[in-house]
Structure formats: C-alpha cells, structure tokens
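K.L.:
Got a structure for you, written out below as structure tokens; questions coming shortly.
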C-alpha cells in the first residue's frame, strides 16, 4: 500500500508526518505520474478554490476523480471534504469531484478567528480535534454513513464506500486514530 497526499496546497506536510509515524509508505502527489503510484489518496485541508484551480491546472482533477470512481480509497479533510462533495451551498457553481453524496457550506463554523477545538466521538473513542474555517455538512445522501458528530448534532465525519471526509483537521493533533481508520478503509 502506498498512500499519496495531494501536495499542491494546504496542510499536506502534517498528513505526511502522521503517515511517517504510522510507518506507512507514502508520497507527495503533484503530478499524474505520482498519482499512478498510489493506492490511496488524502486530500488535505487548505483553501478549496485554490486547490480546485491547482488540480485543474496540473491536470490532476479528472484523474483523481477517475481513480476515486474506480474504487481508490480517498480521505478529505476540511477543504478536501469540500472538494469531494457533490454540492457547495454557498458557492453553487463551484466545481467539485462529486464523489461523496453530501452538500456542504464553506466556513460554516466561522472565520479563522472563530477556530476552535472540540472533543468528538470517533469509532468508540473520544478525540479532540481542531475546526479551522471548517465546512458544515448540511445534507447527506443515501449510503453515506455518519462517523462523528459534534454535541450540537452537526455531522463532522462521514464515509460512503471508499470515500471518507472530516470537517476537522486530525493531522494537526498528533493523534493517528482517523488516519488508522482510513488505512483500513476497504479492507474490512
């Protein structure tokens, strides 16, 4: 197994660090050749419109979507979740990969100054994770499993088949529970 981390923009170094700690083969994905070498992909947090522009300019956008639709496991954090969604409520014309049947609203938990940490349940354990200009999942389709919610009831982690996403940034905590789950996605 080789995990790729889309490394065009955003918090990709932090994901690479977690994968190193887990002794997992991993590479940065910046080109189509890089993408062809991976069996899983992480799309990091960052700025979703910048990430969209860079994936289109690099020629990776359609290739990433094709690989996901062919069954490659993928995990998107924050902006990565926006990229994977089917609809962005506050930017209805924003192009997405449309691989995860959810609607999202960008920056729904507030601006940078409103960033916060919260304890969430994730697979029978409690983890404390940061929400930084985080998107909110406003609607989920059939076949989308909820993995985690805030106390308010807001859904903050989901999975649909080979695709998972979180509104939060587990890569910034040093904990590896979410990444470990992703590494087993599709193997169960």
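Note: Cβ is positioned from N, Cα and C throughout, glycine not excepted.
On a predicted model such as this, the values are computed, not experimentally measured, just so you know.
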K.L.:
Since Swiss-Prot lists 46, 47, 48, 132, 133 for L-glutamine, which candidate among 21, 106, 159 does it give for that site as well?
P.N.:
106
K.L.:
Between residue 169 (active site, charge relay system) and residue 48 (L-glutamine binding site), what is the CA-CA distance rounded to a whole number of Å?
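P.N.:
If we compare the Cα positions of residue 169 (active site, charge relay system) and residue 48 (L-glutamine binding site), the gap is 14 Å.
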K.L.:
If you measure every Cα to Cα distance among 46, 47, 48, 106, 132, 133, the residues said to bind L-glutamine, what is the biggest one in Å?
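P.N.:
Of all Cα pairs among the recorded L-glutamine binders, the widest measures 13 Å.
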K.L.:
Taking the center of the Cβ atoms of 46, 47, 48, 106, 132, 133 at the recorded L-glutamine site, which other residues in this chain have a Cβ no more than 8 Å from that point?
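P.N.:
For the L-glutamine site, the extra neighbours are 10, 45, 78, 79, 82, 107, 135.
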K.L.:
Fill in the CA-CA distance, residue 132 (L-glutamine binding site) to residue 171 (active site, charge relay system), as an integer in Å.
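P.N.:
That separation, Cα to Cα, works out to 12 Å.
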K.L.:
Could you tell me which of these recorded positions, 47, 171, has the greatest number of Cβ atoms within 10 Å of its own Cβ?
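P.N.:
Compared across 47, 171, the most Cβ atoms within 10 Å surround 171.
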